Every structure is written in structure tokens, then in C-alpha cells.
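Novice: Structure below; questions to follow.
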There are 4 protein chains.
Amino acid sequence: MSDLQTILDGIHEELSPRRGEGKVATYIPELAKVDPRKFGMAIAAVDGSTYRAGDAEEPFSIQSISKVFMLTLALGKAGEGIWTRVGREPSGSAFNSIVQLEHEAGIPRNPFINAGAIAVTDIVMAGHAPREAIGELLRFVRYLADDDTITIDDKVAKSESQTGYRNAALANFMRAYGNLTHPVEHVLGVYFHQCALAMSCVQLAKAGLFLAARGGNPLTGHNVVSARRAKRINALMLTCGHYDGSGDFAYRVGLPGKSGVGGGILAVAPGIGSIAVWSPGLNKVGNSQLGSIALEMLAARTGWSVFGA
Amino acid sequence: MSDLQTILDGIHEELSPRRGEGKVATYIPELAKVDPRKFGMAIAAVDGSTYRAGDAEEPFSIQSISKVFMLTLALGKAGEGIWTRVGREPSGSAFNSIVQLEHEAGIPRNPFINAGAIAVTDIVMAGHAPREAIGELLRFVRYLADDDTITIDDKVAKSESQTGYRNAALANFMRAYGNLTHPVEHVLGVYFHQCALAMSCVQLAKAGLFLAARGGNPLTGHNVVSARRAKRINALMLTCGHYDGSGDFAYRVGLPGKSGVGGGILAVAPGIGSIAVWSPGLNKVGNSQLGSIALEMLAARTGWSVFGA
Amino acid sequence: MSDLQTILDGIHEELSPRRGEGKVATYIPELAKVDPRKFGMAIAAVDGSTYRAGDAEEPFSIQSISKVFMLTLALGKAGEGIWTRVGREPSGSAFNSIVQLEHEAGIPRNPFINAGAIAVTDIVMAGHAPREAIGELLRFVRYLADDDTITIDDKVAKSESQTGYRNAALANFMRAYGNLTHPVEHVLGVYFHQCALAMSCVQLAKAGLFLAARGGNPLTGHNVVSARRAKRINALMLTCGHYDGSGDFAYRVGLPGKSGVGGGILAVAPGIGSIAVWSPGLNKVGNSQLGSIALEMLAARTGWSVFGA
Amino acid sequence: MSDLQTILDGIHEELSPRRGEGKVATYIPELAKVDPRKFGMAIAAVDGSTYRAGDAEEPFSIQSISKVFMLTLALGKAGEGIWTRVGREPSGSAFNSIVQLEHEAGIPRNPFINAGAIAVTDIVMAGHAPREAIGELLRFVRYLADDDTITIDDKVAKSESQTGYRNAALANFMRAYGNLTHPVEHVLGVYFHQCALAMSCVQLAKAGLFLAARGGNPLTGHNVVSARRAKRINALMLTCGHYDGSGDFAYRVGLPGKSGVGGGILAVAPGIGSIAVWSPGLNKVGNSQLGSIALEMLAARTGWSVFGA
């Protein structure tokens, strides 16, 4: 893969003039302060090599990308039993919609919309105090990325919790249906902290590498999940990872991915590697505008796609 | 792939006792007459070999699987321009729901729900009389499968049109929004005939092979679509091919697929082959119950999955 | 009521400068041709006296106001049994919404939204050819108004049927749920003709007088319905008569009323009289803008309101 | 009205064998403890006379009936300006639905569904600490009923707040849209206390009498609101007072009314009097089953109806 770095550099260079496109998320005050011209990319390949371009080593708020790691934890803890509390279908609506939740009696459509992630958080919290659950996630992500410098940005977590009325609505609603077992404030506390995980593209690509490598991490030799589970998480990322832009992402990029409103996207090329991009400006459906384009270019130039060569 | 036949036979044998499970679709009277114990499977591999088990050579009503072929025709005719008239996102609701259509002003969510397929039909009809459009589809499918014996079952087409009030509602609704250019009855006439295509598992697997083989048909040497378009159609099948069970199918089977209420499913293993199964009993979300299970077993035993080895 | 004429004249004069306000309905081409500056008012009092102002004797397309007369016919024919096929609750959405119909399995919310009126039409048609049903309605309205010059405007009826895709969607949808017993085109034919009834304010006020007069017509001495039924129809007009503006109309005017997109409104002051206004420009929720204001002024100046003196 | 007592006694006697019908609300634990066989009725006439039957003097939890009093307070405080924050249209859905709130961007449909009442509470709270707002309401209701023994049942208030997740969801949701200006917990605190007002049928009938008497209270001589405002509140009660059973109540009873899940209903016969009934068992749409029937009988026997004699 000697020319993978060349491809990455090329994409970065071509897109650099467009930095600043899209709209930075403003509903979390702390996120609004981010420089909209940031743009980083990193790849962690299954052969252990890594590639980077632009602001690839600067930590940013991964936001909803953390839902992938929480889901992995929940599956580890409760196995396939979690699917009684959250579905596996694309939502066909916005990431924070409450409508569907009412029609389906408090069972969120999938673990990658906010409501679903809140249910997943509740599952991970079983037997834990809130602080412990946050600690468990942090340890897990550090273990995945083999990097103990990863932290949670408390300012962002606080910023979220102060404006998180909609998530509070979702949580209370699920609790009304009995699909939340811990106190609402506790679950939201953990949820807001997971969203505030700060990671660089390089850290993120490494942390997601197990999904490309049959569930194991080639960098550390750790077995994270079974090959079967890795495939299943990838399937969920592909069908549900980009809110109401999931179909479009699959059409254009053809890789499982998960985006966050911080402007990051984690994508997986099974058997090849894990890719992280970051550019804060979002498109209309709430995914990183430049990040989506960068991944589309990468997929086109490498031929990476789960849907054929 | 010498043991592929063994795997197929094994699955067929194991599932045979469960033939008759699920509910045969009854809203199209002619479909209700089908023997619920039918069960066939076929694989067409990119190396030109084919495999079959059970009732693999008996034609059945492919119903919505025809949406894949119509989409391919429409893309050939109007290119990426078709996406102004139909979306590419999973619907998050039942296959014949009209609710979404109202919320999104007559633009169906994707080409694989009924409303979307009706819009696609309207696109394919451009410059054609209804009869010609049906002829074009039939010729196309025969060309794909390299089999001139494929026909349209007029009894089924008539049976559909007599009970197709819901589809008539969808078509009129889109016409009200200006998203239908031909007379409603003409579009429905073509639509009902495409649904009435009768094909065997073997024919269907062959007809879908181009999707597994970079857009070309290894059996005939014909180039059907570009490799890029084949990938994109696969992406749509994966995210939208099983109505509100698409996420679940991706999770369990991990292959692009399209189901029909006749009990057929066409699945694609990119770079490997195309698989068709048929068993008339449907599960709760309207997909072949045994067919889904058979594909899950096949994927598990062969390791075929777009989401990793 | 000697000064009732003075009040009517005053309102007409005050509002005359605002003639032309609002938007004339354009989706029925024939309606778009109407002079937007038309403005008429008429009152038929229970004591037999009548009052008029402006264009009170010029026939206009009463459109949905006809739903009141069809409902009266249906109740006469099938009694309270009709409520298994149509509800009695405000819809909380636009007059031609199809969303609710899906959520409630083909049972329209009330007889005054299009779907409900189509179901009512189907009920009235029992045992009739379409032409006979139309004839029955015409005879009924002439009998109510004691005026044989009332006609149906065939141009408008034709204009409706050519653009009535949305109504065709509603009708097919209900038929899909089994809530339509006659062929869709027949029902729509009758429906489009009832909407095309042409009546002047004076004729309309007279035709609605039975609702203000305990079910009888003081002008002719005919008993139309029981006092109880008159009250019930008034109740439906109050809660459901102005689509998604029913609450607002009750709040401002305080009288049962039914509007039509032709710009007419029929209102009822129980025990006092029946009022018809006409001005083609519509407000945002599809009711006559000037007509609503005129009725609000009339109610304020006369003290007529069902909600207190 | 010498025979009004006879009518009341007759209804009470006839319905007594049916006491216990319907389902007592259980989602507020404290309410579930109420004896389902309680059944009381009271009338306060504009001439100052009062009538009672059964358990008319036993206080019960008036729950949503308090929304009428809070609306009156809010209108007194902020006038017609409140209609920018809450609508005036029937909701067409259940009393605690959140779906509509999302479709209409945080503006509840009317003041008599929970979301609307929460917004109204926020308006009443302007310039008040929560405790003061509760005190203001209590003073207002005592003033209306001319009865200083009326209290708030703290056990019920506490019981509500412990299970009020759905209301917490509604409040957080509105706050997310900026349609709540006070802290969510404060607004909910006041809201839960208003619902916990305990009043007897006699007290309730007296408290509602101003709505029947042109805004003034004949018992005390106090002017509560203008005649115009009384009419308008009545209009809202008629179109929106019974959740998704409002149309049916108007059809059967024909009087403005407001129900509560405690089994109480307050109805208004403009110019005549105010009626309160109480029977804890609820019908399918959440209104007192026996109470609704009792009011239907009363309206039929007295001829009271706003829709005609």
C-alpha cells in the first residue's frame, strides 16, 4: 500500500480549498467554537501500517461515533439480548426524532440514533455507578486505540448537558415506557460524557481497526470481539450509521461508517483497514460535508467498497 | 467451489421439515394459490458454474424482485437524474406506506418500496407505450438470464390489478404531486406486469449475476452496467431491499438482497456469485421466512458477507 | 331584527376595500377563473325573513359545503350506523391528508374532510347508479332551499375530476381497506359532482336553515331531520367544519360552520338563523379569508354565539 | 328549575348499578387507590341555586380540569399573546402525544393537552417562584368557588412527579424548542401540583360557574373575566376539552366540557349553569365513562345544548 499515502495526500490537497464548507453544529455551545477549517484524515491498515494527512493528530469531539464503542461494550455485556430494547432498522428520520419512539412504544429503531444510544448506555450501566460506566468506556477506548492519552472533554460534556433538552426528552420518554432502568439524570450524565470523548483521527482509526480485522486488533494482538460480531457491527454502521443519510453514504462510499456532529466519521473497509476523517462543517443531514466527500474520493481511488471491486 | 453444492444440499435438507412456515401472501388472490411447501435455491457463480437445490427450476412470481431490474433499466435510460424523483434512503416503514409520501411531498424514499418502483416505472416508460415498456423489461430480463423462456404471468398481473387499490392510491398521490408523467392506469398497468414476471431460482440467480461480477455477465460476456453502477445497485439492495426488515437482513445475512411477496429473494455476493431462494411463506415484515433463514445459513457456512471474512 | 340588515350592510361596506385578499384556490382550474373581488352575504332567519348584502344572489361553487348536505342524506339513509365507517373527531391535519387514514386503517376522522366525505358519498350511493345519486342530492338541496333553479356546474365537476389525483388516492386507499363498496371511479364521479353544486349565498342560507330551526324549514314547513339530528350535525360542523382551522373558527366566531374552497362558508346560529358568506380568497388553512372575518364581525355585533351571550 | 333536582336524582339512580364501569387510571399510583364506585353530580345554576346527587361533596383529584383554571389565569396575565406559544386546534391524537409537538416545532396544539398546559403553566409562572405560582392558582380556585377549604393533595402531586416521565419528556422537548422559559423541574413541579387540586363536584361546579354566566360569578358578584373571554374559553373546551374524544362529546352532549383522568368532568351550559360529575372509571379515550353518560342523559332531559333547543 505504498501509494495509499499518496492517495490520502492527494485528497487532502484537492479538498483543502473547500475547508470551511458546511455548517458547524451550534446547538452544543462548546462545539461551535471549533475552527471550521480543520481537516484531518487517518487510515489504520490491518497490516499495522498507518497513514495520515492534515490535522490527523488533533483531538476533536467524536460525539456520536462513540455510539459504536458503547454498542460494542453493551454487546459484550448483554449479548444479543440487547435487541429486545433497541431495534436494528434504519430510522427513516432525523437523528433525534421522538416521533418514531412514540409509534413504537419506546423501543428506538437502532443503537446509532440518540434514543437508541441512550438505551445502550442504560445497558452498559448495569451494575455500575455513572462514574464507573464512564471510566469503563474510557478504558475500553484507550485499550482499542492502544493509547492512554485519550480523554473526555469535560467542558463539552457540560456544554451538552446544559443544552441537552431533546435528549432529556428522549430519555424521559423511554423511561415512561419502561425502557430505561436507571435514573434519567444518571443515564444522561453517562451519555453526555461518552459524546464528549476527544480523539484524533489517528486514535479513532486505530480504535476502529478491530472492525476491519475480524474483531482483533493487529496492532496489539488483542481479541476484541468475534469475527461474527465485527461483521454485525459493520452491518449496523452501514444501514444506520449516518442517520437519514445512511442510504446515500452507502451509495456513494460503500463502506460501513459512523458520523458525529463534531465533524468526524469513522469508516471500515473490512479486511483492509479503518479510516477516520474530520472536518467540522456538516451537510444537511448532519454528517461532515468534506469528510463525506473525502471518503467518497478515497473509496473511488482505492476501489474499497463492500459492494464489489 | 466443489463443496458449494454440498452446502446447498445440506441447507435444503435441514430446512425441508420447516417447509410451509410463514404466511403466504393472500392480498393478490393468484399468489394465494401457490403451494406453501415449495422451496428452491440456486447459485450462479462468477466463474460460470451454477448450483441448485429443491424446486430451483420451477418458475414463481418474482414480484418486487423485479424492482431491481426496472431500476437498472431506469438508470440506463435516465442515469443519475432519476434521483430527483426517488430517494435513496431506507423508509423506516412498511413497503406500501403512504405516510412518508405525504411528509416528503410525493418523492418516495427509495426505488424498492412500491411508491418508488412506480416512479421508476414511470421513468422507464418515457417514450414508450405501456405494452412496449413491458416488452422492454421482458427482453431485458431474458437477456440478463440468457433465457428466452421467461414470461410474464398474465393471470397474476390481472389478479394484481384487480386488488391493487393501495398501489393505485400511491400512484394517484404521486401524480397529485407531479411526480408521475404518464396516466395513472398506464403506469399501474406496467407496474403490475413487472411484478408478474415468473422466473425460477436458476433464472433469477443468472439474471442477477451481473451485480456480483462488476456489471458484466460471465455467462454471456455481455456488459450490462459499469462496475460502479453494479456497486451502487448493491448498496441500495443492502440498505433498502427488505422493506422494514433491511437492517435485520444486513445484520443476519450481510449480503445485498431484494425480496418479493411471492417468497423469492435475490442476494448478491460481490465477486463471488448471485443467489436466489424461494419459499412462499412470509415472515412478519413480508420477506420469505425460510428464504431468509436459508440465506443466513448459507452466509454463515460459506463466510460470504460484505462485512468481513 | 330590523337592524340586522343594517349590521350586514355595515360589515359589507367596511370589508369591501379588502376584497381580493387571500388566495383563490387554483388546483381546480375552473375555480381559478373566479373574480377574486366577489363578496356576498345572506342570512335566512328562523322567522322566515332573509337579509342580503353584496353578491348574495350570484351562484358560486359551494365545494365542501356540500358535505353537510351529503351527511344529512347519509344519516337519513343509514342512520347512526354510518359511524362505523367514518369518525366524529377533528382531524388535526389538512383537509386532504392521507396520513391519518393510514394510521387509522382506512376510517376517516370525520365526514367533513375529503376522505370522510368520500365514504359518506359511498353510503349515499347504496342502491343507486352514480347519476341517480347525483340527482338525489340535487333534488334534496333544491327541496331544502325551496329553489329549483339550483344546478351543478358540469365544467367545475369536470375540472375537478381531471385534477383530482389526491382524492383518487384517498378513495383507492379506503377501498384497499374495504371502506368503499362502489367502484372508485363511480364514487369519485358522484363526489366531484357534489362539490360542483353552484349556489348563491341566499340559496345556501335557505338550504341550511333547517339546522338553525330544530330540523325543520320554517320557509316551507317541511320537517327535514329531527331536532336531535340537527343539533348533532351542528356539533360536527363546529368541531370539524373548518379543517385544521376549526378550533380557531370556534374561538373567533363561535358558531357551527362549514367552509368550501370556493370561498363560501355556511354558518348556523341555532334558534336564530343560517348565514352564508362568499369571498373567493382563502386564508392559510384554506377557508375564505374575508368570509371568516365577516362572520367574526357579525357574531360580535349580534352577540350570536353558541358559547354564551 | 324545581325539577332539576328530580332529573339529577333520576340520572344518579339509573346509573348507580353501573358504578365501577370503566378503568380507573393507574399510571398515577395515588389515583389507583380511589374507590371506583364513587359517583357524584352537582349543578350550579346562574340563578344561584345548586343541585347535587351522590358523592357530590367528596373531594377528588380534578387533574386536567385544572387546565381550565390555569388557562384563565394565563389569559388574565398575558392576554391573547399566549397564542404564540400554544395553538387553539384540536390535536387529533392522545392527550400526551409527543408526535405532534415534533411536527409543529414545540408549539402544542391547544392548552388542554398536557404539552399545552405545561406551556400555559410556564406563562403563569412569569415573575413567580414555583411555590408562589401554586399559591396563586389555589387562591384563584378558592375565589372562584368561594370556598377556602379547597386544597392541593400533596400525596397526589408527589405521586405524579414520581411517574411523570412522559410529562418530563414533553417539557424537555418544548424547552429544546425554546418554548419554555423556566427550568423544566420548576415548571413540572407547578404542573404536578395543579393537577393535584382536590375538589368536590359542588366546589367544581361553583368554580366553573363564571363560564356560564358571562364571565361573572352570580354567587359572589365577582367579575372574573369578560363575557367575550368566557365564550372563548367555552369554545376551547368544546373543541379540545376531551382529548381525542372531543368530537364525540360535542356530538353526544353538546356542551363545552373538560375532563380529567381522576374521573371528573366540568361542563358548561352557557346562560344556564355549570355542571360537575365524578366517576373514576375511564373510557377508551381517557374520559370518565359514567360521567360522560350522565352528562349525555342530563343534556337530553334538560334540552341543554349549545347546538339548538
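Every residue, even glycine, has its Cβ placed from backbone N, Cα and C.
Keep in mind that TrEMBL annotations are predicted by a computer and have not been checked by a curator.
Annotations per TrEMBL:
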- C:Ser64, C:Asn114, C:Glu160, C:Asn167, C:Tyr191, C:Tyr243, C:Val261: substrate binding site (BINDING)
Novice: Once the DSSP letters are reduced so that anything not helix or strand counts as coil, what is C:Asn167 (substrate binding site)?
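Specialist: Going by the DSSP assignment, C:Asn167 (substrate binding site) falls within a helical segment, counted as helix.
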Novice: Other than its own, how many Cβ atoms are within 10 Å of the Cβ belonging to C:Ser64 (substrate binding site)?
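Specialist: C:Ser64 (substrate binding site): 26 neighbouring Cβ atoms within 10 Å.
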Novice: At 10 angstroms around each C-beta, which of the binding-site residues C:Tyr191, C:Tyr243 has the fewest other C-beta atoms nearby?
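Specialist: Among the binding-site residues C:Tyr191, C:Tyr243, the sparsest Cβ neighbourhood within 10 Å belongs to C:Tyr243.
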Novice: Long-range neighbours only, meaning 6 or more apart in sequence with Cβ under 8 Å: which ones does C:Val261 (substrate binding site) have?
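Specialist: Correct list: C:Ala25, C:Ile28, C:Leu31, C:Gln63, C:Ser64, C:Leu282, C:Gly286.
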Novice: Are there any residues at least 6 positions away along the chain from C:Glu160 (substrate binding site) with a Cβ closer than 8 Å to its Cβ? List them or say none.
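Specialist: Set apart from C:Glu160 (substrate binding site) by at least 6 residues yet with Cβ under 8 Å, we have C:Ile28, C:Glu30, C:Asn167, C:Phe192, C:Cys195, C:Ala196.
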Novice: Report, as a single number, how many Cβ atoms besides its own are within 10 Å of the Cβ of C:Asn114 (substrate binding site).
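Specialist: Taking every protein chain into account, the count is 24.
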Novice: Around the Cβ of C:Asn167 (substrate binding site), how many other Cβ atoms lie within 10 Å? Please give the count over every shown protein chain.
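Specialist: Taking every protein chain into account, the count is 24.
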Novice: Helix, strand or coil at C:Glu160 (substrate binding site), per DSSP?
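Specialist: Once the DSSP labels are grouped into three classes, C:Glu160 (substrate binding site) ends up as helix.
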Novice: For the substrate binding site, please report the maximum Cα-Cα distance among C:Ser64, C:Asn114, C:Glu160, C:Asn167, C:Tyr191, C:Tyr243, C:Val261 in Å.
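Specialist: In whole numbers, the farthest two Cα atoms are 19 Å apart.
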